[in-house]
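Participant: To start, I am sharing the structure in question, which I have written as structure tokens.
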């Protein structure tokens, strides 16, 4: 039975139009949805009414929600004739409905009924979908309103798929067809529920499915063009991006195109097909006892050639159930016989219970979307050839990485050829998909406290408030109040992550002395109960009682207040606490951010495309030594938006082949995909790095540099900075495609603000942004490290560039060079004008004089000439546009010219671990550099102060001369045409060198003699 309901909270309205002839109105709201109609009470003589009424609509068919509209009509009730006058309306489409956890109060501007209608004001609504059985649908309208409804024609609405995030959070008991897709999102075996499919709902409505979800990729795509890469000259030859021609699932890349040939269309067309032999060990039954005690500790060993994998063993269980899958790569099939051996775990030597053998030539092949192969019971054969040792259920088949069993399978890449298994570290090497938590800013405004009771009644408390969420602690400034009612009026910002596990703790403390504080009271507020807002509208503040002990505050939080404490006198604190949903919580630099959406889901825009990434293979240098030879245990992590993906770890190979494909939804083209390659330090602790995963390199790809629909297949160098300089750690081979589903929406985004509206309405200062960003990175890394396998802290911090705010001499030089390159065009133009004014080339100077006369005489040609020149230059450079995504540039980064000491300073931790003498020397060097910057800033300030000195009479003679010049210039400019003045000034500046003096001109000398404020500085 369907229990879905649409809840509509009609909160308030503002600034409604007066309609009663007396400067006021008596408004009420009428709601219409899916043939159901309700209305609020009528507020007499109120242009800003407050209703706070909730209505529930029955949802008969959830698949039809996208085609339905919720309409809210605001009317003025006329008592004299019993009619109603239209004041405005709000229409919300079904695609904007969200679940209760994401619902926030939004104020919608009222729309007009006709073009010339006079409508003003806003209506505050909170709309969400709920599945709570205790909620009943509201009563219908009485006959009066049914008969006097003012009908407004509805426009035809295009049916769209219902948002998947809402359906995922609201369970609907409706069967959906099972669909097998590529493994771009790994699925867990436990606790997984089948999610409703928006594509199925769209197909049922008779409409084509044109949207891409996060779990599926569009199949049977047409052949896509592949960009060619040309090595640039800005970096060394081995540090550039190179174009490749791999054979992908969609065909071979030849001459910039994908040639399919006889290759069928595939959903994983950005990776190379890899064949695997899959063995699913389900369970066994009726196993014989092997020990003297009559017990059995069984486990299964799957072996082919020198490669073998083992399941977990069960103690004293003759009917165990494993349900584990083994995947052997085609290149690891060293034998034509697959042997499944059942063994008994023993202290000294494991006993063999029996085995089952398969000839690989008889193994069937399975290709998705075929259903999974059904396992069968096989009799176990002992050493004597007898088949009376029980049975084991197995399934054996050939498949590829598109098989749904691939992500959770045990891979032959996880063992070395000598047969030593790494199954004990199996949890650390699997491929997984992670979702970082949704982050919110928590704004706490500490206003005041009343009736504080310090321990010493005679002293005035020096009180301050400590605000804490988890490990985040902020403090207000201390305030003294003789009335025991201190006032702070101070805003504090913290970061919280869904689900809100940590509460907000407010502690009022009295500062008794240095490092000696006394707690006056505590209050605990669950973050989940705090109000949310999506704009800058004020939220009502509240008073909270202060408890002396933390345990009493927790009891108050849980509603366990004792009866004897109900009438007890409490100190209390006045605070305004709410969750800021209109901001985007920055957990990475804004220059290469992968997600710019606000925290609240209500403000999210529609997706504009899909990003597909195929991680093919890599070549890395040895990162550790194992059995006397250099090797590496490499894996990749890619991050875009809230979705993190991790490939499986390939054990003991410096040329790992991953061939895994992933997909992301794209909401903004000005975002960056970040991919890092790491060496797994959890497989073996002999790497000497304290079990930390070593960094091999990183790749950033900006989506706005990709052309829509094209496949980019390139190898990217993995570069790392070490104390000795920049070092190439290897290469990563990627295939990337950005598919745009709405070209118009993508172009429209280029004219929209980069960040959500709240960042401009109520901006955060730079220092606060950096602090909140560091806290967000800490929260994200802590949450992802709790997954299985964990995404380690050093991995998250490396991909998020958490240390980009630290000082680096190399980066300072690079930024200064970038600044020079930005102004190089202006410097070149200034140099060219200098050559013109000095008549270095007489012919060019004469032509410039003629052009100058034309522009002065016809000023309407100036702007068209500038824009035409820019168009010609832009079209000329189109021939030399980059043909591949930009990558790390060692020359631009000044990595090739940095000396070892600068690199050692950059690699140093914070706080420093270097010797005091070295730190003192670096500090003196930094003081010298800062002194030069200080002098430059002082010189710039002095020039500005001289401009101010022209009219502030600091030098009375100079100001008098300037006043005389101003009055004379005003009279001359009033009499003489302006064009003539421009010609005279231009010809004077371009005069012949014979008419110039070697000393500076009079205006320059006059300006340099003006006084600055440098003589007033200490």
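Just so you know, glycine gets a Cβ as well, placed from its N, Cα and C.
Automatic prediction, not curation, is the source of TrEMBL annotations.
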Participant: If you look at how TrEMBL annotates this chain, which of 818-834, 886-902, 903-919 comes out as transmembrane segment?
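Facilitator: Result: 818-834 is the stretch TrEMBL calls transmembrane segment.
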Participant: Please find, within the list 732-751, 752-771, 772-791, 792-811, the residue stretch that TrEMBL describes as transmembrane segment.
Facilitator: 732-751
Participant: Should anything in the same chain at least six residues away from the transmembrane segment (846-873) have a Cβ under 8 Å from its Cβ atoms, list it; otherwise answer none.
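Facilitator: Cβ under 8 Å, 6 or more out: 836, 979, 982-983, 986-987, 990.
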Participant: Sort the residues of the domain 'C2' (592-716) into helix, strand and coil with DSSP and give the three counts.
Facilitator: 10 helix, 63 strand, 52 coil
